[in-house]
Amino acid sequence: MDSVVLHSVSASSAASSSSTPSMAKRPCPSQNPRVENLSDVERLLDAFLSLSDLPSLALDLSFERLLQSVPSDPDLIDRALKMGSLLLDAAKHSSRKRASNHNSLAWPLPPDLTIKVFSMLDTQSLCYASATCSMFSKCAKDPLCYTNLDLTTLVPKVNNAVVATMIQRAGKALRSLKLGVVPGATTSLGSCPPFVCTIRNAIVEVSNFSWNDKRSRQGRESSILTRCCLSPLSGDGGAPGALLRKLHLYNIERMDNASLGAALSACPSLLDLEIVGLHVELRQTLMSVSANCHLIERLFFESSKTGRDDSLKAQTCFELVNNCPHLTSLSLRGFKLHDCKVRVLVKGFRKLKYVDFSTSYSITGNFLRNLGSCNGGNFLEVLILRDCMHLKEMEVARLLTAILAGDFKFLVHLDISNREGLASEADWYHRCYNSSIMPIKQVLETRPDMCVVAEYPSAEGSYMETFDADMNSEISLPSQLSSHTSDGSIFMSTSESSYNSDQGSGNEDGQDANYVIYEESSDEIDFLSL
């Protein structure tokens, strides 16, 4: 039937051509030297393609006469549509193949160097590059291109399927993984805002459309990360997580203690862990780190609920110190920490150089006594106690006096600022704004290499800078410790603040408080265009 249809179309076309003297006659296939070595199917296809120069009206008339001549074949139109679709797909495939061959010849780098270049791109740029041509797509699928995965976004548009796909492509080459929602940075210099944000606020501030609009556009919440988003780290016998060195997680609201613990158990080589805005307990997280991440060197953990997490136990502190002796940077922000436990941590880690307890509750500064002369605290280079609500004026004065006496010899950056002033010795409700008992000027004269940041509000409540020693100087901090996060970003706070809601005394030092890859959606196409 196909040959009959083709001959009928050819005959009708020939009749139409004879009635149009201006149209040139094309040689028949038997006279075309291009088809001498072709098979019968290829000859028919060549004859069919020879009709491409005919006017569309002539083809319409010919096809209509063909339908009238074979009324007993009701599927003729469907077969014609199917044939046209198949031919279109074949033409597109051949076009892409020829373009890829051209790119392979025109691109100056061999595949191994192309993969090396692609491995230096960020994850989203890699996806854009892979979408340009099949040659780049093939190179971009090499595991080395996924060594350092950065799947952080301003608004939720990465789901579990995207994370699973990227981790599977990286395999055992995975070394760094950043995941979650990171709001944009619009904070003033010297401030110390929390990194925590909620998905609702991130959408409203960055994208200027409501949460309900976002939810309706997403349909089945295809761009929301769940507690299972890190489960691929344990896949393939644990190969993806086995050599992972850096894990940064931001504002994944559905993450829980069990899921985070399971992910950390798959990462025995972890050196750098950063957790911001996850609804997980401090004690449970530190227990998981202590049990599984013995090589860790940097730990940054910010609470999702400032001042409400009082879960840390003294025994957990001892276990962390004993099991993770290589820790050099410790940041616990927004937790309810007691001086006795903080002292165990700071004094116990013998290599500790960077400490940040910003926005923490219950810390009075008592843990700093006689700390600068011991093996633990004496090696501190950076100490940040900004906006610690119960930090006492007298304890800060004792710290500065110890520095004048020669303790804390390696300390180069000290931040004792407080947006509500320091607590007085007798009553923490009474705030001190401009103390005469703190020898800050003497410290700056004795230690000119040190940066002391002491910013307090005035008695009237307006904010003012009391002391500021080279606040913008990069040499005041070691290069590897100069930022709150590994990439130097300071994120805008969108979380609720309970800074003024805690009615505790702050003097509770000795207390212990009881791989299936799913269908891509339009939202994640930026990250999964490979």
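All positions are counted from 1 along the displayed chain.
Glycine is no exception: its Cβ is also placed from the backbone N, Cα and C atoms.
TrEMBL tags one of the stretches 1-34, 205-238 as region 'Disordered', and that stretch is 1-34.
Here the domain 'F-box' (109-151) has, by DSSP, the following mix of helix, strand and coil residues: 27 helix, 4 strand, 12 coil.
As a whole-number mean, the pLDDT of the domain 'F-box' (109-151) in this prediction is 90.
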